[in-house]
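A.B. asks: The following block contains the structure, expressed as structure tokens.
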Amino acid sequence: MATMTELSPTAGKTKHSQDTRVDESLVPKKVLSFCSTRYGIAFIAHFCNFILMAQYAAINISMVAMVNGTNHQSQFNGSTESLPLDALGGSNDEPNSLPAEGSIFGGQHALWERWGPPRERSRLCTLALSGMMLGTFAIILLGGIISQTLGWPFVFYIFGGIGCVYCLLWFVLVYDDPVSHPWISVTEKEYIVSSLAQQVSSRKQPLPFKAMLRSLPLYAICLCSFSHQWLVTILIVYMPTYISSVFNVNIRDNGFLSAFPFIISWVTGILGGQLADFLLTKNFRLVTVRKIATFLGNFPSSVLLVALSYLTPDYITTMTLLIVSCGLTPFCQSGIYINALDIAPRHSSFLMGTSREFGYTAAILTPTVSGFLLSQDPEFGWRNVFLLLFAINLSGLIFYLVFGDAVVQDWAKDRKLTRL
């Protein structure tokens, strides 16, 4: 008679050890970290996300010039008073279009299923994901200048051409797993394979959809991704508009001021991954590290934006709060955005893509809702936008802090059919 028995190599241990520990005797002691194949792949993924975000944001940067055809220069020569809001990164009336980015991030997570040792996942994933912030910085800083000097088509020619060159690097240098990579060292290959021996299975397993639909940790990831994406969209799309409307800064200065916080975000995103893995070496529970990172990437930023709406407009204070708020958001890269690798390593690529797509619905709704609030109440419109952001952000964060987990879920464990 056939029964299903779970293969749980960490049975009898605590949840903490189940999440973070591997058999030390199987792991080589001296393995290159920064100058290694796995970090090289992380840098390539970093560049992938740089191009991805730059091309997405280029649509917003070039929208006005694109609509007005050859009359692009006049749109960038005046003060911001003569520019519609969407020239500065946002629209009060229409949502910005989004590419199907969830599938791309899901594909990248499929790499880390087989390339990311558990104790290095935070730094590898955040190194890859931080490319989004660098791409946003580059396009906000350079998009207006390129459109003004060369014309809006060159924004797409330049970044699209860079993307084509990048594809060649991806096809040549990136492989599915360490075993099939032709240039990886034997020591590094053994280190990665032995580190993941308890999590990676060569056998294909069907997705347990029914169990997923009953999984509160999975709902926690999706809902917190939605609330965090609402925050990120406000910062990316409406920060230039806010600076322009409050201080009447011209578009050249506004481009620099709007871009500067994202270079800070790029740095903090990378450092956040280093901090998360450092805390794991100090015997912090994995779920604690994920929740700390998620809290730091959500709550302080939304509180600062609410505080901003109640302060008397002051240039230095406003820019400081915006920079700090934007700079803290990438901490979530060490939290909810890699949590799928913790709760379901075998299905993390699907879960990552699904949670990202769910989160990006916020990027579709945010411009519409925020634009409506700004148009209905010119005096307190920004305050209403930031208060709504805080309510949504806090709701998603609380749900994650209560129901979030980092233990491999029962429905994600390896199962083997045995006969008695």
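Each residue, glycine too, has its Cβ placed from N, Cα and C.
Straight out of TrEMBL:
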- 1-22: region 'Disordered' (REGION)
- 39-59: transmembrane segment (TRANSMEM)
- 124-146: transmembrane segment (TRANSMEM)
- 152-175: transmembrane segment (TRANSMEM)
- 216-239: transmembrane segment (TRANSMEM)
- 259-280: transmembrane segment (TRANSMEM)
- 292-310: transmembrane segment (TRANSMEM)
- 316-338: transmembrane segment (TRANSMEM)
- 358-374: transmembrane segment (TRANSMEM)
- 386-408: transmembrane segment (TRANSMEM)
A.B. asks: Go through 39-59, 216-239, 292-310, 316-338, 386-408 and flag the stretch with the largest number of C-beta pairs under 8 Å relative to the transmembrane segment (259-280).
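C.D. replies: Comparing 39-59, 216-239, 292-310, 316-338, 386-408 against the transmembrane segment (259-280), the winner is 316-338.
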A.B. asks: Near the transmembrane segment (386-408), which residues from the same chain, at least 6 beyond its ends, have a CB less than 8 A from one of its CBs?
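C.D. replies: Here the qualifying positions are 15, 18-19, 199, 216-217, 219-221, 223-228, 230-231, 234, 285-287, 289-291, 294-295, 298-299, 301-303, 305-306, 308-309, 336, 339, 342-345, 362, 369-370, 373.
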A.B. asks: Please report, as numbers and ranges, the same-chain residues at least 6 past the borders of the transmembrane segment (124-146) whose CB is under 8 Å from any CB of it.
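C.D. replies: Sequence-distant neighbours of the transmembrane segment (124-146): 38-39, 42-43, 45-54, 57-58, 61-62, 76, 89, 108, 112, 115-116, 152, 154-155, 158-159, 236, 240, 251-252, 255-256, 258-260, 262-263, 265-266, 269-270, 272-274, 276, 330, 333-334, 337-338, 341.
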A.B. asks: Could you name the stretch, out of 39-59, 316-338, 358-374, with the greatest number of CB pairs under 8 A to the transmembrane segment (152-175)?
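C.D. replies: Comparing 39-59, 316-338, 358-374 against the transmembrane segment (152-175), the winner is 39-59.
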A.B. asks: With the transmembrane segment (316-338) as the reference, which stretch in 39-59, 216-239, 358-374 has the largest tally of C-beta pairs below 8 Å?
C.D. replies: 216-239
